[in-house]
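Student: Have a look at this one.
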Amino acid sequence: MCLLSLPLLLFLQYTRAKAGEVIGGTECKPHSRPYMAYLEIVSSEGYEKDCGGFLIRRNFVLTAAHCAGRSLTVNLGVHNKKMKEDTWQRLKVIKQFLHPNYNSSVLLHDIMLLKLEKKANLTLAVGTLPLPPECNFLTSGRMCRAAGWGRTNVEEPASDTLQEVKLRLMDPQACKHFPNFNHNLQLCVGNPRKRKSVFKGDSGGPLLCAGIAQGIVSYAHRNAKPPVVFTRISHYRPWINKILKAN
C-alpha cells in the first residue's frame, strides 16, 4: 500500500457539507473539459439530486461514493446542463461499485465507479481522463484545478454552466480541524486565505493536476471556506484496476 497521500448527514451538519460546487472560479470554455460527467440521481429515498464525475474508460465513470442512489444517469458532452446540444450523450448506469470500506458517517473511502450501459462515443466533447499511478507523490503548494456545476456563492443558486477554479494543494495540517481527515486517503486542497473553493451539491468531480485526475471532491465546510477534502485517487488504484479488469 502506498502511504502518501445532497442532503447533509445530520451528525455532520455543524462542521461540514458534501462538496462540489465551484466558488470563486470562472466559466469553462464550452467542451474544454470533455471528461466531465453530469450525474442525475434518484436517491434511495426517492428524491432527485445531482453530482459530478468524470469518464476514465469509455464505459466507466469515477465519482464519490456519497453520490450513490437508486438509479443514476450519466450525461456526457455537457456544458450548460439546461441547454441540450448535439454533443450530449445520455447513458444509464447499470452497476454502482462503492468502495467496500466506504464509511458514510465520516466520508472515508468516498469513491465509486459507475459502469455504463454501453461505451460512450469519443468525440471532441467527450473524452477520458488519465489517473495517477498508485505511489504518486504530490507536493504541497502545487496548483491544480477543480470543475463542476453548481453555486458560485453560498447564497446563490446553482450555475447551469460548467465552472472551474484553481486551487492550491495544502499541507495536511491545514485540514487538522476536520477530525477524520486522513492524509493517506485524502488530499487537503484550497488556500484558507482565498475565497476559492468547491461546495455542496456537485460532489464527485475531479481535481486535475498537470492533466491527471488526482482527487475526487468529497466534503467541505458548510460556509464553503477552504480548505476542502478530496479523496486521494492514487491510494485506490489497485481497487480501481481490479474493478476495471473484472468488468
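Think of each number as a place in line: the chain as shown, counted from 1.
Keep in mind that glycine also has a Cβ here, set from the backbone N, Cα and C atoms.
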Student: Per Swiss-Prot, which of C28, C51 is disulfide-bonded to C67?
Tutor: C51
Student: Just confirming the record: what cysteine out of C144, C188 does Swiss-Prot connect to C175 via a disulfide?
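Tutor: It is C188, per the disulfide annotation in Swiss-Prot.
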Student: Checking the recorded positions N121, C175, C188, C209, which are within 10 Å of H66 (active site, charge relay system) at the Cα level?
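Tutor: So the list is empty; none.
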Student: Report the nearest neighbour of S203 (active site, charge relay system) in space among the recorded positions C51, N103, D110, N121, C188, comparing Cα positions.
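Tutor: Its closest listed neighbour, by Cα, is C51.
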Student: I need the CA-to-CA distance for C67 (disulfide bond) versus D110 (active site, charge relay system), whole Å please.
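Tutor: Spelling it out, the Cα of C67 (disulfide bond) and the Cα of D110 (active site, charge relay system) are 9 Å apart.
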